[in-house]
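S.K.: Pulled from TrEMBL, these are the listed features:
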| type | residues | note |
| --- | --- | --- |
| REGION | 417-440 | region 'Disordered' |
| TRANSMEM | 82-101 | transmembrane segment |
| TRANSMEM | 113-133 | transmembrane segment |
| TRANSMEM | 196-222 | transmembrane segment |
| TRANSMEM | 243-261 | transmembrane segment |
| TRANSMEM | 302-321 | transmembrane segment |
| TRANSMEM | 352-372 | transmembrane segment |
| TRANSMEM | 392-410 | transmembrane segment |
Amino acid sequence: MHRILIALLAAFDALVAAAVGLVVVLAPLTLLWVFAFGVDADWAALWPATARIWQLGALVPVSFAFDDAAVVALGLPADGASFALSLAPLALTVFAVVFAARSARRAVRSGGAATGVVAGIAATAAIAAVVLVSSGNALATVEPWQAVVFPALVYGAGAFAGAWTEAWAEGDGGAIDALRERIDAWPSKWRELPSLAVRGAALALAGVVGVGAIAVVVAVLLRADEVIALFERAQVDGLGATAIALAQLAYLPTLIGWAVAWTAGPGFAVGAATAVSPAGTQLGVVPGIPVLGLLPEQGSPWLLLVLLLPVAAGAAAGWAVRSALVAEWEADPPETPESADASPREPVSPRIVLAVAIAVLAGAGAAIVAAVSSGAIGPGRLETVGAEPGPVALAVGLEVLLGAAILLLSPRGRAGGLASDDADGRAATADGGDVRAPVD
């Protein structure tokens, strides 16, 4: 496909992604303006509000500055006249990343991976600039460079991931194919490690995130009464309750990010000097947001058993890549088995490297999840909300390493070899052969 056409299609995809994200925010806000504010609605504020929420979904921090009258009306503390809101509604972020990956995969199949990725990023930056220029507001402001660069980076991350995976699987006739040719020239016991490491890390991280999602569902089932009570205390009508519910739905992936940190062990914070982890919960006064009713009131030693779930995710990843590794080595046996290996059919050193690589990549992915699901939601102590990426990365990495190592380093190859030898011996005996014990 002609590169100009590829670039135009990629730019159109970026436009559609941004438009859908803006419309998803604009539609409920418009209904809120119509039915809640009526004839007194400030329609000039509708588009800036939409733009700020969309920018927040692209990880752009939003700064608020209130005058004295607004501080009193909103019941803010004296030092809360100005603060930053940076905790992102990750549902918007995830949508942009997935849409970008889809567009990039199509560009790779069309033979213009770099063209499609660059065009999509450039178009997103241009759209973000238009949104920034058209949404000036003195109450809620953003840094101009962040408002342009961050949406482009979010879209670019998805596009790069989609292009890389598609090119690695199907080929791109360029740099990725050249890299694969170099890796294919490695000894047979090493050549599959890069792809298996990425696959195993993706499986492990998906398992860890899935465990976090299940934890959120369990919290909803166990703490639904508290959430309903907080809705009732808010004293909002049906429209207000719907608006709050939609806003909380946009933050559902953010809550899953917190749950990932919780199930991994380090936990997360809902304000400075607070901690929510399986070992215990230490909370002060938290905002009366209904979804925060899901927070556990206390910890328990039994809850530490949830730390086994990321280990299980690592074990599942280790089992999957071990099976693929064995199949590869059976098709093309390693050329030079190491004397220290447990079995010449399954060298130990590649399996050790593979387990470590899976753990490192899974830990890095968990750190990204923790970083994007953290931020500020208000002044003072509410400037610290979410998990610390470093401890989460370390915990997930070690837990995945333990699980993956158990499956990757277990003596499956040796057991398989003995079973094969026994079968050969039985066959030889049946044929009348003389099966003798080996002489040292």
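Backbone N, Cα and C atoms are what each Cβ position is placed from, and that goes for glycine too.
Automated prediction, rather than curation, is the source of TrEMBL annotations.
Could you place these features in context, so I can see how deep they sit and what lies close by?
M.R.: Cβ atoms under 8 Å from those of the transmembrane segment (113-133) belong to residues 3, 6-15, 17-18, 22, 51, 54-55, 58, 100, 103-104, 106-107, 142, 144, 147-152, 155-156, 159-160, 163, 166-167, 172, 174, 176 of the same chain, restricted to positions at least 6 beyond its ends.
Note on the transmembrane segment (196-222): residues 252, 255-260, 262-264, 294, 296, 306, 309-310, 312-314, 316-318, 320-321, 324-325, 354, 357-358, 360-362, 365-366, 369, 396, 400, 403-404 of its chain, located 6 or more positions outside it, place their CB under 8 angstroms from a CB of the stretch.
Remote same-chain residues near the transmembrane segment (302-321) are listed as 196-197, 199-201, 203-208, 210-211, 215, 262-265, 278-279, 354-355, 358-359, 362, 395-396, 399-408 (criterion: CB distance under 8 Å, separation of at least six residues from the stretch ends).
Listed as Cβ neighbours of the transmembrane segment (392-410) (distance under 8 Å, sequence separation of 6 or more from its ends, same chain) are residues 200-201, 204, 208, 260-261, 264-266, 307, 310-319, 321-322, 348, 351-352, 354-356, 358-360, 362-364, 366-367, 369-370.
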